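Inspection log for the structure reproduced underneath, given as structure tokens.
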Amino acid sequence: MGQQQVKKLLELALLAGQIMCESQAESYRVEDTMNKILSLSQAAFAVGCSFSTNLLAIIDDPKFESGAFVGVKRITSHSNNLNKIGQVTRITDYFVQGQLDIDQTYTLLLNIRSGRNLYNPNRMALGIWGMTFCFTFLFDGGPFEGLTAAINGLVLALLFLAANRFNFGAFFTNVIQASVVTLLPHLFQMYLWPDLASGTVVIASLMPLVPGTPFTTAVRDLFHEDFIAGSSRLVEALLTAGSLALGSIIAFLILEGVFI
């Protein structure tokens, strides 16, 4: 394999790893995909490393006259997207098996990264509303709790669409969303339905915001002894959980200051 092809192989591995990292894939899965690609160089030393927020790929061999090929990628955004992870895995497997050439694979990966998500924001907002409504009954809520959760879910969905459109920061968005969905059920309880189990509605409304996937991914990385990647993902999950807690605290402080 010529050195120009080796360089393309390095860029391909970094692109595949970047898409998977941005889609919240586990580090060991990212490294496995990158190393499959890099191994095709048949170089004496070829390795890819994922640190959740950074990617590193190295290809080196004594026969390389210009020295080793090294690539680094900075991961600046994360979003849960299992569909993209599956697509990248499938395409890279086709490439490793020889069913696609390097240029075809690179083009397909670029299309995946720049392509639209499987579900548009409106569908995701509908899913948020549905989760809020259904979790209420899962936590033994009644008709009044269900009605309140439906209103709460609608407000939460609208806040999600606004944050998605205006690109608000994740921490700020979580604080606002948690404050609103904590405040509304208590206001309904005070003014409309005194017997309303407001706590049940609040918990159900917060469930779509809980960072379950990042936390699970962090634990899986830690169990695979990827301590750097696992720790960074765990901090991310805890920061999200902390922002939700802060939002709820702000709502309770507002209620205490206004009504007590």
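Every residue, even glycine, has its Cβ placed from backbone N, Cα and C.
All annotation found in TrEMBL is predicted automatically rather than curated by experts.
Taken from TrEMBL, the feature domain 'Threonine/serine exporter-like N-terminal' covers 12-253.
As annotated by TrEMBL, transmembrane segment applies to 37-59 (among others). Proximity of distant same-chain residues to the transmembrane segment (37-59), defined by a Cβ-Cβ separation under 8 Å and at least 6 residues beyond the stretch ends, is recorded for 1, 6, 9-10, 12-14, 16-18, 21, 27, 30-31, 68-75, 92, 95-96, 221, 226, 228-229, 232-233.
If you look up TrEMBL, you'll see 146-163 (among others) marked as transmembrane segment. Cβ atoms under 8 Å from those of the transmembrane segment (146-163) belong to residues 121-122, 124-126, 128-133, 135-137, 173, 176-177, 180-181, 184-185, 188, 193, 196, 198, 201, 204-205, 208-209 of the same chain, restricted to positions at least 6 beyond its ends.
As annotated by TrEMBL, transmembrane segment applies to 170-188 (among others).
Residues or ranges marked as transmembrane segment by TrEMBL: 235-255 (among others).
Confidence in the domain 'Threonine/serine exporter-like N-terminal' (12-253), given as mean pLDDT, stands at 88.
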